[in-house]
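Trainee: Would you mind keeping the following structure in view while I ask a few things?
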Amino acid sequence: MLKQIDYQGKLEEIAEKFQGRKTEVSKEVNKTVQQIVADIQKNGDTALFNYAKKFDGYDVNTSNLLVTRMEREAGLEQIDEDYFRILRRTKSQIEEFHKHQLGNSWNIFKENGVIMGQIARPLERVALYVPGGTAAYPSTVIMNAVPALLAGVKEIIMITPVKADGKVNPNILAAAEVCGIETIYKVGGAQGVAAVAYGTESIPKVDKIVGPGNIFVATAKKICYGVVDIDMIAGPSEVLVIADKTAKPKYIAADLMAQAEHDKLASAILVTTSEKLVQQVDEELNRQVQNLERREIIESSIRNYGGAIVVKNIDDAFDVSNQLAPEHLEVLTSEPLTQLPKIKNAGSIFIGEYTPEPLGDYMSGSNHVLPTGGTAKFYSGLGVYNFIKYLTYSYYPKEVLADFKEDVETFAKSEGLTAHANSISVRFDEM
């Protein structure tokens, strides 16, 4: 199942394939989403309700758009206390990690009377998109909501599509309850994204949209970006495992498949110094996959977008990883902590054989909303800082402005901006 990749002189080619798995948006999809967004922008609730009926089969109107307290209670009754305990523990773990990301306000008081500084302010209102149906992920609710809560976002609303019965997945309701999210709208798809981006008669406009979705949701987020902020446009998931001869083959195989089961476009790559380990991992893959429900998806993704790269030494392994910039990076070597400084590009790093990537998907504390497709070279995972904006300010007394007067005027005139220069000089005309 696990093919060996010859990377000698082909690293750029490998990276291109690894990073080129993004689902291409067809002209038809893009055109359809543009029409939906324009319709919502122009016709508000009327268009929103029509699309909900057309795509989801739910006959939504102003009276049943919001999840009521009674509906929440009915859904929550289906959740046992142990699951609530797990959700609360997950939230606590995420909070403990993310509270260290809180932005700071600061100021500088100079002897000449100048005051400069930065003010950290949370976004006012954020929308969390949560996919509906059987593939609902309550962990994503917590991963997106906790950083926003810690940042101090005043209002978090949730949008999620429902089927004809109008019911929201109980696990999603439970996660929302644990996070204190009170407002849940029963709409989704591109129409839901457009509704929170532009606002309708019933749904308020937000400052930022976060959360995963299908190609229509992702395209709508991309189109609406600029009108509203978004988290990122995520592609298929990926994991890269760096391992030496001390690593356990069965652990590596299990971790590769854990990522591969997400999607047929998911990528699971092993980079190792041991050819023997590649053979052992392949044997484990073939053995373990027999008992897994998503076997077809796993085999397809590993066959088409997985593989093993054998390198001469561990430094070469990190060079490969830094070039690929994986969403998830596992380091399974004899001394993994000492090799942390070698890592330049990765969405999130999992160090040692008892820190498997799925722990990070749920309860390690780090966020699982991460850059994909090589974008970890310039993007970070979701954090508190994504829900904070920074306002800079400065105060200059007249005598200090006088000291800068000629330099600023000269600079402005060199750029042909004489009104800029005049803004400075006019303050000294009376002198």
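Glycine is no exception: its Cβ is also placed from the backbone N, Cα and C atoms.
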Trainee: Look at the substrate binding annotation in Swiss-Prot, where GLN259, HIS262, HIS328, ASP361, GLU415, HIS420 are given, and name the residue from SER202, SER237, SER300, SER301 listed for that site too.
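Mentor: For substrate, Swiss-Prot names GLN259, HIS262, HIS328, ASP361, GLU415, HIS420; of SER202, SER237, SER300, SER301, the listed one is SER237.
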Trainee: So if I measure Cβ to Cβ from HIS420 (substrate binding site) and keep only same-chain residues at least 6 apart in sequence, which ones fall under 8 Å?
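Mentor: Set apart from HIS420 (substrate binding site) by at least 6 residues yet with Cβ under 8 Å, we have VAL408, ALA412.
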Trainee: Identify, among the recorded positions HIS262, HIS328, the residue whose Cβ has the fewest other Cβ atoms within 10 Å in this structure.
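Mentor: Fewest other Cβ atoms within 10 Å, among the recorded positions HIS262, HIS328, is found for HIS262.
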Trainee: Identify, in sequence order, the residues in the chain of GLN259 (substrate binding site) that are 6 or more apart from it along the sequence and have a CB within less than 8 Å of its CB; answer 'none' if there are none.
Mentor: SER237, GLU238, VAL239, ALA266, SER267, ALA268, HIS328, GLU357
Trainee: So how far apart do the NAD(+) binders TYR129, GLN191, ASN214 get, largest Cα to Cα in Å?
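Mentor: Greatest Cα-Cα span of the listed binding residues: 13 Å.
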Trainee: Looking only at GLU327, ASP361, GLU415, the recorded positions on record, which one has the least crowded Cβ, with the fewest other Cβ atoms within 10 Å?
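Mentor: Candidates: the recorded positions GLU327, ASP361, GLU415. Fewest Cβ atoms within 10 Å: GLU415.
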Trainee: Which one is closest to ASP361 (substrate binding site) in space, judged by CA to CA distance, out of the recorded positions TYR129, GLN191, ASN214, GLU327?
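Mentor: Looking at Cα distances from ASP361 (substrate binding site), the smallest one goes to GLU327.
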Trainee: Can you list, in sequence order, the residues of the same chain other than TYR129, GLN191, ASN214 whose CB lies within 8 Å of the CB centroid of the NAD(+) site?
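Mentor: Other same-chain residues with Cβ inside the cutoff are PRO131, ILE159, PRO161, GLY188, GLY189, ALA190, GLY192, VAL193, GLY213, PHE216, VAL217, ALA220.
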